[in-house]
Amino acid sequence: MKRKNIALIPAAGIGARFGADKPKQYVEIGSKTVLEHTIGIFERHEAVDLTVVVVSPEDTFADKVQTAFPQVRVWKNGGQTRAETVRNGVAKLLETGLAAETDNILVHDAARCCLPSEALTRLIEQAGNAAEGGILAIPIADTLKCADGGNISATVERTSLWQAQTPQLFRAGLLHRALAAENLDGITDEASAVEKLGVRPLLIQGDVRNLKLTQPQDAYIVRLLLDAV
């Protein structure tokens with residue numbers, strides 16, 4: 001039986017650092033919201049079988065997304081944190097039978113709307129059949145400094161350091177177990193949850209274009225990248 005690839009996009013955050021009058025995933029760039037651009041990446045990819053977006057129960061913007069993508073599942077069962085939102089989404093996928101424990105879940109940041117299709121293909125091809133799963137990541141290029149107040153306290157050896165990106169691909173059953181803990185403090189991505197089970201996910205070469213919209217100035221770069229597609 002073919003293993004399904006299911007994109008899960010947690011979109012329950014408010015994007016406080018972005019400083020807009022709405023969550024950053026609903027900021028419009030061109031004629032579409034950031035979230036619509038992100039969903040389109042997965043909907044256009046032939047290896048992705050289903051896309052699920054998990055939003056806050058209080059979300060008032062999601063209806064537009066559902067109208068634009070009627071085939072996408074938009075669920076209002078997001079949690080207080082990213083980890084809780086992903087946990088709720090994976091649990092519902094398993095409960096409804098839309099995913100089996102052996103299917104792949106590709107968790108992707110709603111605010112990474114410039115993911116190149118070739119990077120997504122690379123992740124699926126290299127990690128899709130790996131029991132330990134894998135994530136997109138790029139080697140750290142800049143020199144890193146530790147700070148003590150406003151002063152440098154140390155320079156960090158960067159040889160073995162990678163910057164994690166998304167999607168992060170794991171079997172549904174593994175991800176469900178990894179996020180089952182009552183206390184998810186310190187879990188900043190799916191890989192960190194899986195690592196707590198002793199699993200060592202694969203590092204798959206990511207792409208510098210796969211940036212996360214975080215600060216207002218990021219919108220300028222994102223707009224240029226989207227215009228170049």
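Using N, Cα and C of the backbone, Cβ positions are placed for all residues, glycine too.
Taken from Swiss-Prot, the feature site 'Transition state stabilizer' covers Arg17 (among others), and the record attributes it to sequence analysis.
The secondary structure of Lys24 (site 'Transition state stabilizer'), as reduced to three states from DSSP, is helical. Counting Cβ atoms from all protein chains shown, Lys24 (site 'Transition state stabilizer') has 26 others lying within 10 Å of its own Cβ. Among the features that Swiss-Prot reports, site 'Transition state stabilizer' is placed at Lys24 (among others), with the record citing sequence analysis.
Listed in sequence order, Ile140, Asp142, Thr143, Leu144 are the same-chain residues at least 6 apart in sequence whose CB falls under 8 Å from the CB of Arg158 (site 'Positions MEP for the nucleophilic attack'). According to Swiss-Prot, the feature site 'Positions MEP for the nucleophilic attack' maps to Arg158 (among others).
In sequence order, Asp109, Ala111, Arg112, Gln165, Asp218 make up the list of same-chain residues 6 or more apart from Lys212 (site 'Positions MEP for the nucleophilic attack') whose Cβ falls under 8 Å from its Cβ. In the three-state DSSP reading, Lys212 (site 'Positions MEP for the nucleophilic attack') counts as coil. Swiss-Prot lists Lys212 (among others) with the feature site 'Positions MEP for the nucleophilic attack', giving sequence analysis as the kind of evidence.
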